[in-house]
Amino acid sequence: MFIIELIKGIILGVVEGLTEFAPVSSTGHMILVDDMWLKSSEFLGSQSAFTFKIVIQLGSVFAAAWVFRERFLEILHIGKHKHVEGENDQQRRSKPRRLNLLHVLVGMVPAGILGLLFDDFIEEHLFSVPTVMIGLFVGAIYMIIADKYSVKVKNPQTVDQINYFQAFVIGISQAVAMWPGFSRSGSTISTGVLMKLNHKAASDFTFIMAVPIMLAASGLSLLKHYQDIQIADIPFYILGFLAAFTVGLIAIKTFLHLINKIKLIPFAIYRIVLVIFIAILYFGFGIGKGI
């Protein structure tokens, strides 16, 4: 049984790595895969299972931090500046990089404030199957609207052309995504596209903005719940973290490579299908009624 439970931990890490930064809602998938199927709370205990989810989320966040490590160093004026997307050598020499630490901080402020104010309320009252389904569906519609609008925008902006107002509005949408199932990346990428960024630029800024705030939030949660970690459960934490980190690296790089080509509608359609599937399990078979 121990081996089977380890495999379950790895599966949850893989799911987290695949979905945390994709616009499909990692919360929705964790409810489907864990709460409705694998039920980590049954072999880890409810408190330890909650802490396990924090740890595997950190695996995904560290993956994003690694992918954007050079950009973070540049923002902090530590690394070498790389070329700006879409600009030639002369333009690069004459025009400084525009994305800076203030952009990131401006984008983080709304979610940071609302997170401090409402995190406990959201965790207590909004983490249920019906509310997650609502978030998945409404978020999908928002993504479709953003994609439909994007075809009308000529010469969409790159991430280095973002201004502070755009950063702030995208940050507000990150706060809206605190509703479980809405998806942080789905919300912020869609808003970025509506603010006339291209899909890759909106994704880049989404991930850059998300890493510090998610590190802070997950780190704080881990400090609150570290006493729930049992020595016997450490192998689950390690394997889950490594699975989330490894799969997260692959998923993030693949997503960034493809997003300007495939855009958001395929993810929106997938979310709607996922809502239907979860609804059948929940309303038709009563699976997850206790969540």
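Think of each number as a place in line: the chain as shown, counted from 1.
Glycine too: its Cβ is placed from the backbone N, Cα and C atoms.
Residues annotated as transmembrane segment in Swiss-Prot, with sequence analysis given as evidence: 1-21, 48-68, 102-122, 126-146, 162-182, 203-223, 231-251, 267-287.
Among 1-21, 102-122, 126-146, 203-223, 1-21 has the largest number of CB pairs under 8 A with the transmembrane segment (231-251). The stretches the transmembrane segment (126-146) and the transmembrane segment (267-287) meet in space: the count of Cβ pairs below 8 angstroms, excluding pairs fewer than 6 apart in sequence, reaches at least three. Most Cβ pairs within less than 8 Å of the transmembrane segment (102-122), among stretches 48-68, 162-182, 203-223, 267-287, belong to 162-182. Of the Cβ pairs linking the transmembrane segment (203-223) with the transmembrane segment (267-287) and spaced 6 or more residues apart, fewer than 3 are under 8 Å, so the two regions do not touch.
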